[in-house]
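Novice: I am attaching a structure below and will ask some questions about it afterwards.
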Amino acid sequence: MKVTLSALDTCESSFTPLVVLELAQDVKEETKEWLKNRIISKKEDGGAQLLFRPLLNKYEKETLENQNLYLVGASKITLLLGAEAMGLVKECNDNTMRAFTYGTRYNFKDFDDDNDDFLTMAECQFIIKHELENLRARDEKMIPGYPQAKLYPGKSLLRRLLTSGIVIQVFPLHDNEALKKLEDAWYTRFTLKCQPIDHIRGYFGETIALYFGFLEYFTVALIPMAVIGLPYYLFVWEDYDKYVIFASFNLIWSTVILEVWKRGCANMTYRWGTLVMKRQFEEPRPGFHGVLGINPVTGRKEPLYPSYKRQLRIYLVSLPFVCLCLYFSLYVMMIYFDLEAWALSLHENSGSEWTSVLLYVPSIIYAIVIEIMNRLYRYAAEFLTSWENHRLESAYQNHLILKVLVFNFLNCFASLFYIAFVLRDMKLLRQSLATLLITSQILNQIMESLLPYWLQRKHHVQVKRKVQALKADIDATLYEQVVLEKEMGTYLGTFDDYLELFLQFGYVSLFSCVYPLAAAFAVLNNFTEVNSDALKMCRVLKRPFSEPSANIGVWQLAFETMSVISVVTNCALIGMSPQVNALFPESKLDLVLIVVAVEALVHVEPRADVPVHLSAEQPLPPVGSVTLPAQGLCIRPRHFPLQESLLDEGWFLGPPFQPFSGTVCHAGLHTGATAVTETIVGVRKLTCTTDQNPLGSLPIQLSATAVFSCDIPPCI
């Protein structure tokens with residue numbers, strides 16, 4: 001008897017599996033039933049109103065493993081209302097980008113009641129993730145079946161289930177047909193053409209698309225450096241003192257490319273509708289813990305942790321540990337210089353070809369040690385930052401990035417600064433820079449792409465064999481896809497990718513004037529990096545949930561900081577050159593003043609990050625979605641039965657601005673478009689009208705969430 005997957009036997013013919021939810025193997029049945037009911041229940045009952053199916057039915061569970069895999073989908077109306085709740089920006093019929101609202105759905109391009117492709121699969125999966133994360137505890141005191149797993153009203157159920165180990169993972173499924181088209185246009189054939197950034201954005205979201213866009217832009221920006229550096233290197237092989245011209249070009253290049261990128265990034269995100277993003281209310285991160293108390297802003301019970309305790313941990317433990325690691329890095333650097341001196345003396349005494357090769361061994365060993373130290377320190381930094389117990393994910397990420405960048409900068413570049421400004425040995429500087437750059441690129445390609453790909457291929461073969469043995473009894477296409485993808489590695493974000501580019505930018509911008517081939521090697525590495533990262537995203541790692549982004553975030557500041565250091569470094573190198581010193585044989589004061597003046601000229605006030613025509617034309621999506629009560633934005637609770645047309649009044653606290661449209665909702669249950677009929681200045685009454693709810697006449701609470709589009713965004 002042939003068995004079919006239960007997901008395909010659903011009574012809802014429109015059910016399409018979009019997200020996979022994996023539970024622990026020993027989860028109790030009452031917990032499963034409770035979770036299922038919360039996911040499929042209607043919004044007014046505190047549910048997510050999603051579709052939920054086990055991957056395998058009861059008969060299949062007796063014969064197959066992986067019995068705790070569940071498929072999550074959503075009806076079209078749920079997805080559209082979710083798109084409105086999140087302020088998803090779509091293109092209108094007049095070619096402008098606006099936040100989608102259900103009440104004005106026919107004003108959006110390609111929308112039709114029979115068109116299921118209005119929302120991309122990535123957008124649908126992002127909406128489902130949002131709905132799952134917004135499942136809130138109500139009257140439950142604990143997770144059914146687990147009395148030790150306490151629940152607090154208003155807190156996210158999914159986060160609690162993940163931290164309790166009941167839910168193992170939640171991940172979106174690949175769309176094999178769309179993925180194949182993306183691969184064909186992206187990396188399967190090696191061609192010197194631009195990446196399909198818009199296709200990448202449609203499949204993976206804006207955050208990942210911006211990374212690949214920045215990688216492509218940075219690679220193209222390196223080409224002029226490589227073109228100039230190649231003949232410069234060939235014709236001035238041993239004349240290290242003639243690097244003034246290249247250093248001058250270097251300090252201008254490192255500043256200009258970042259300013260051009262900011263404007264190009266603004267053009268991209270304007271086209272995607274994320275240039276001005278809706279601000280989200282940030283929940284406490286899953287690892288945050290403390291004594292249960294009342295949040296003074298939300299009025300809810302949640303863990304509270306005194307700020308002074310966190311500061312004590314940072315300044316008495318984390319900071320000394322980071323300083324100790326920096327000291328250890330400098331100690332390893334001095335060992336490297338001792339090895340260099342030993343290898344040089346050995347070569348001078350013997351003069352053989354073997355000892356000439358030995359001259360590069362200390363640099364290679366040091367480069368490998370640097371990579372090992374960077375990775376070990378990363379684990380220690382993550383542990384320390386988690387132990388500091390930051391309440392918000394943004395604070396956690398900022399502290400982690402600061403720790404990692406400080407150590408990586410010193411660990412990778414301290415030896416180069418020491419050689420350049422203490423030893424003043426330009427020949428050794430060139431050798432060290434070349435060895436560190438090339439070795440780090442080779443190690444990164446092996447560790448980040450080749451090794452994971454080999455392991456994934458090995459696992460893929462094992463899964464294929466297991467599924468082929470079952471094909472006589474089961475139509476297992478979906479089963480095979482889910483089982484294969486659940487064992488893939490999890491994409492941890494763009495942190496490591498941007499960090500690699502940050503260090504590469506440092507190698508090229510700081511000291512490439514003494515080794516002009518640095519840019520050429522960086523270009524070659526980035527050409528392979530594009531393809532290896534694309535392969536990793538498509539075939540090695542799980543598909544990540546899409547995330548909207550307006551820019552590359554804190555990494556823009558990191559690159560700009562490196563650019564400032566680069567300008568100072570290149571000006572100092574120019575000031576040290578014999579040609580420049582020959583112009584000022586009597587006094588060095590004039591030389592110092594000229595160097596400072598050059599630095600000031602390079603750092604003149606840059607042009608606006610966002611082009612004027614974009615800042616003027618960008619249609620503003622809803623700027624805030626705040627669960628009330630909250631500071632700065634507050635509407636008093638008012639309950640009313642939904643009618644076709646209804647007026648209600650509430651109180652709005654905020655700065656003066658002119659709103660022109662908005663939405664009101666309760667736990668994702670939307671009433672459609674809302675017309676705001678008066679300007680809000682200070683504390684004023686707010687009058688609004690609501691459309692008929694597409695889900696029927698249901699009670700809603702106006703105070704739950706308010707989203708407004710404004711001519712002048714308020715400061716929330």
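Residue 1 is the first one shown; counting continues down the chain.
The backbone N, Cα and C atoms fix where each Cβ goes, and this holds for glycine too.
Caution: TrEMBL annotation is automatic and unverified by curators.
Pulled the feature table from TrEMBL, pasting it below:
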- 200-601: domain 'Anoctamin transmembrane' (DOMAIN)
- 208-237: transmembrane segment (TRANSMEM)
- 243-261: transmembrane segment (TRANSMEM)
- 314-337: transmembrane segment (TRANSMEM)
- 357-377: transmembrane segment (TRANSMEM)
- 400-421: transmembrane segment (TRANSMEM)
- 501-524: transmembrane segment (TRANSMEM)
Novice: Near the transmembrane segment (400-421), which same-chain residues lie under 8 Å Cβ to Cβ, leaving out any that are not at least 6 residues past its ends?
Specialist: 318, 322, 325-326, 329-330, 333, 336-337, 366, 370, 373-374, 377-378, 381-382, 384-385, 428-429, 432-433, 436, 440, 495, 499, 502-503, 506-507, 510-511, 514, 554, 558, 569, 572-573, 576
Novice: How about the transmembrane segment (501-524) and the transmembrane segment (314-337): at least 3 CB pairs under 8 Å, pairs 6 or more apart in sequence, or not?
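Specialist: Contact between the transmembrane segment (314-337) and the transmembrane segment (501-524): absent, because fewer than 3 Cβ pairs are under 8 Å.
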Novice: Assess whether the transmembrane segment (314-337) lies in contact with the transmembrane segment (357-377), where contact requires at least three Cβ pairs under 8 Å among residues 6 or more apart in sequence.
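Specialist: Judged by the Cβ rule, the two regions touch, with the required three close pairs present.
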